[in-house]
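K.L.:
Starting off with a structure, shown below.
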Amino acid sequence: MFALKNVNSLMMMRLNTKYLLKNRFFCSVQQDPNYIFTTAYCHFRQENYSKTLEKLNQIQAGNSTDLNYLKLLAKAYIQQTEYEKGLKTLEKIIQIQPGDIETNILIMEILEQLEDDVDDQIDKIQQRIIEHNQEDEGQIVAFALMSLMEEDQINMIPNILANTSSFQNEANRFLAYTILKDIYIRSNQIDAGIKMLEEAKQNCPSHLKDIYFELARFYNLKGDQQKELEALENCLEQNQDQFDVLVELGYLYFTKGNVEKSQEYLKKAEQIENSHCKKFFYEAKMLQVQNKLDEAQKLLEKCLEFDVANLSPLVYNQIGVIYLQKGDIAKAQEIFFKALEINNEEAQIYFNIAVSYNLSKNIEQAINYYEKGLVLQPKNSSAILQKGILQIKQKYYKEAIDTFINALKEAPENTDFLYNLAKVYKLTYDKSKAMELCKKVLSINPNHKEATDLLNSYKNN
């Protein structure tokens, strides 16, 4: 019994010693700056920012120039909304590494939180980034890409990429032009985008196919069908086996009345892919133009067999339009809502639902769906016009005035907007504004009959 008791005591002594040694080692590790920094980083990842700062402050003395330490400290301060401390920490990094992109962006974000008028300071920071990275094209393009992700930084991208044409690497040049192209589309700067792509043709000879395709897109947005055709033809010269380009050309030539040329391109497309949804889709649209509605509907239904994920919302939308053309409003609405279930971010579907409600005399819902579509496509002049006209019809005169005044900020010479605004002013007995607007309409289009009649109605009284 005694022997057993002693054995147990010896075992306990060994275990206690092992435990003490382990803890002594652990206590030693806990004081190691690298361990503390790693712990602080883990707290940061777990969004425990106060604990992050507590740990970082334990190793502050020996890390005043360590970039990783300073960056984590600054980010923790920012998350705790201690912006002044965050800014001071970031400025220490800038003294060590003036061109660091992430740090400069964080400084801009803090300045926007602390002050109202920071445009000049932000311009200087942007310039600092460009100056310190001008020999590193990759960094400049990376900075532009990072800015593209932030809505409030998009406006500075053209300045960041101002020297794109002088980049030595063609891949960097093309990526920069691609970023700029997205900016011009977002901001509706169509002419600026076309000018930039014309420059890209000279500076990115290896990417002509993509550049011509984007040029066609810009000319489409501008409404210049002839230039769009030329760009697509040039795109096709770079590679004859582009199914999408062949189909687009086929459809464009059809809309211009050149059926022979249209069929030529569609046959070429068919040789590449004879069961493609997009081909059927365009052929169906052509049949619709010819008022062959049943044939068009069959082709559209065939489309759904091939491409449910991509084009199906547009296909359903087009089938809905056919039902509208046939006068079956209830069926059209059913199809439109089916399209909306698949993709609720397609503005044209909302606009077509609005048309269907208008046809069924449900004006309130028609206005509602025009507004929903305009959230996605705020510059659609046709939808804006129809919404305004319906507001007049419902005697929502204040809302109609707001609709047309806001629309005229973007399109000051749109005679439809001007005339309908004049019409509202007549209905609200504002004679001087109504007459002034009619005169403006006639200065743009002297043959505008409705504006002439409205103006004469005042002169005859």
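Quick reminder: no glycine exception, Cβ is built from N, Cα and C everywhere.
As the structure is a computational prediction, the values presented were derived from the model and not from experiment.
Below are the features listed in TrEMBL for this protein:
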type	residues	note
COILED	108-135	coiled coil
REPEAT	67-100	repeat 'TPR'
REPEAT	243-276	repeat 'TPR'
REPEAT	313-346	repeat 'TPR'
REPEAT	347-380	repeat 'TPR'
REPEAT	381-414	repeat 'TPR'
REPEAT	415-448	repeat 'TPR'
K.L.:
Where else in the chain does the repeat 'TPR' (347-380) make close Cβ contacts, counting only residues six or more beyond its ends and a cut-off under 8 Å?
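P.N.:
Hits for the repeat 'TPR' (347-380): 188, 313-314, 317, 320-321, 324, 329, 332-333, 336-337, 339-340, 386-387, 390-391, 393-394, 410.
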K.L.:
Could you give the number of helix, strand and coil residues in the repeat 'TPR' (347-380) as assigned by DSSP?
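P.N.:
The breakdown for the repeat 'TPR' (347-380) reads 27 helix, 0 strand, 7 coil.
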K.L.:
Report the DSSP secondary-structure composition of the repeat 'TPR' (381-414) as helix, strand and coil residue counts.
P.N.:
27 helix, 0 strand, 7 coil
K.L.:
Please give the average pLDDT for the coiled coil (108-135) in this predicted model.
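P.N.:
Mean pLDDT for the coiled coil (108-135): 64.
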K.L.:
Looking only at the repeat 'TPR' (67-100), how are its residues distributed among DSSP helix, strand and coil?
P.N.:
27 helix, 0 strand, 7 coil
K.L.:
Could you tell me how many residues in the repeat 'TPR' (415-448) are helical, how many are strand and how many are coil under DSSP?
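P.N.:
Within the repeat 'TPR' (415-448) the tally stands at 27 helix, 0 strand, 7 coil.
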